[in-house]
Amino acid sequence: MADAVLTQAIETLRNNHVRVTPQRKMIIQYLVTHTTHPTVEILFKELYQQEPNLSMATVYNTLHLLVSLGIVVELSNESGAVRYDYYGHSKFYAICANCGKIIDIFYKDYGEIEANFTQAAKSQADFQATTVHVEVHGLCAECQKMMLTQ
């Protein structure tokens, strides 16, 4: 599955006339195979161990490019930390307002919801959507329990 997803992401780069560099491929591979929603700093730290020639600027620039192409989504939690995730799955995000935890929620009908949002944007505002991602903010199970015991 990860190989097919990586191939699809690389095709998106090529279709947009973007060079597929080893660094870009490494960053995409990491995001496809990890569900940790890393920050730029975490991603750099993890990948630097594999590729000591990698720079923080390359990670920033690559993530910015991948977000602009809709391959990666940028997620902000309540503390303002920006995290990244590969965007090729039928899922939305639950983000805890207390601890900042980001949870992937896989939903089989997400593609239909995405299409409905895209159509609504087009019909109501003549807006051509390129990416749709949904975030639900609230309290994770751990924070709910913690608040009940206080």
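The backbone N, Cα and C atoms fix where each Cβ goes, and this holds for glycine too.
For C96, C99, C140, C143, the entry in TrEMBL reads Zn(2+) binding site. In the three-state DSSP assignment, the secondary structure recorded for C140 (Zn(2+) binding site) is coil.
The Fe cation binding site annotation in TrEMBL covers E114. Within the same chain, residues at least six positions away from E114 (Fe cation binding site) with a Cβ under 8 Å of its Cβ are V132.
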Can you count the other CB atoms that lie within 10 A of the CB of C99 (Zn(2+) binding site)?
14
If you skip the near sequence neighbours and keep only those at least six away, which residues in the chain come within under 8 angstroms of C96 (Zn(2+) binding site), Cβ to Cβ?
N77, E78, I102, I103, H137, G138, L139, C140, C143
Can you count the other CB atoms that lie within 10 A of the CB of C140 (Zn(2+) binding site)?
18
Write out, in the order they occur in the sequence, the residues of the chain not among C96, C99, C140, C143 that have a C-beta within 8 Å of the mean position of the C-beta atoms of the recorded Zn(2+) site.
A97, N98, G100, K101, L139, A141, E142, Q144
